[in-house]
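Participant: The structure's right below; bear with me while I get my questions together.
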């Protein structure tokens, strides 16, 4: 490839190293991802985003077939819904393990190993002979598939300067978010066909295998300490004054101890950083609610509107359209407002400048979920609740994207572990909320059930104005010290 040849040329002819002095180069440095050609960066973003998309696609892939699976395995709908809960819990534990591991061994090997196992795990899921087998392999599928989700934010922080990062973060988080909305559209028709629900997972295997092929070809290492270590290993000894991170290698650590430390690190960061706690509560609540709606969505159309599974699956298009529409609205507006705040601040950007769009997003999500719930409750013409679900999807994107970018901007190269801490709480709520879907709407009906969810989100979202005004002071009072973790 042209970009790679440029980097190789620079590597061999332009870099001269004298121990204890900086490495000089007149062209893009293959060991500094921020200087790579834009096309090389975008290729990494596309591969990582595809991994994350398919991981999230797998989250709701069997939602339209819950009744079919329950019938085959002679189980209740709630027990089968555990397939979504355990998958999300697998993603949670994956974030605990894979994000810090990538900060020891690099991003690329973690991506490739984890995603290879994820693809292969679709085989035993499709061949499950009982519910226990189905649930166990769903958990491990979520665990190993989480490599894109747990390290994506960190990879983008590796690749782009803060001023250029916003639009790529929006693309990444949008692709991440539309996966659960697209999967049921396809699965809805599979569930009512004669080929069986198993093909929902065969299709996921095919898509994952195709993406894995391109990942092996195109994905590059981006984590700076790992690249710097390789750089100094090639051009000279590491001096005493070089960063400690460059002297650490995985060979010096016992695997068991490393995994234990890896699981502890994101939790420790989360609990010690007030801004992360606020962000985690807000993102966790809205993520749990969107997961709850996705699981209950097809049943709403079947019970209230007598739609077939295939047509009920098509209704997920409204959520997906809302997600896409928010990108074209939120991305330019949020970036312009961020640039305005930077200019007003004398050209210096602050992480808190990412937050204003989140205020709007939470408000829209609450409007959308109330409109969806009450119109479905009274069986108003089907187009009206789809408007509510579209607004809800847009509100989700407009809330989660700015908050995720806020975490990335605040923690830089340690954003993988910081984001993992937030995702732990987010995924925990995402795993728990769907379990309550059936009982919530049965006892309170769709109207009052959605009203309760809206009030919970309102309470959590009150932290955003506080963070916008006092976030910098809070960060200065509790500065992040990576050596403590």
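Even glycines carry a Cβ here, placed using N, Cα and C.
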Participant: Looking at the ranges 37-57, 58-78, 79-99, which is given as transmembrane segment in Swiss-Prot?
Facilitator: 79-99
Participant: Any idea which of 170-190, 233-253 is down as transmembrane segment in Swiss-Prot?
Facilitator: 170-190
Participant: List, by number or range, the same-chain residues at least 6 past the transmembrane segment (421-441) whose CB is under 8 A from its CB atoms?
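Facilitator: Sequence-distant neighbours of the transmembrane segment (421-441): 77-78, 81-82, 84-86, 88-89, 91-92, 95-96, 149-150, 266-267, 269-271, 273, 276, 279-281, 283-285, 287-289, 291-296, 299-300, 404, 407, 449, 452.
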Participant: Taking residues 6+ outside the transmembrane segment (355-375), which of them lie with a CB under 8 Å of any CB in it?
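Facilitator: Apart from its flanks, the transmembrane segment (355-375) reaches 282, 286, 289, 293, 322, 326, 330, 333-334, 337, 384-385, 387-403, 406, 446-451, 453-454, 457-458, 461, 464-465, 467-468, 471.
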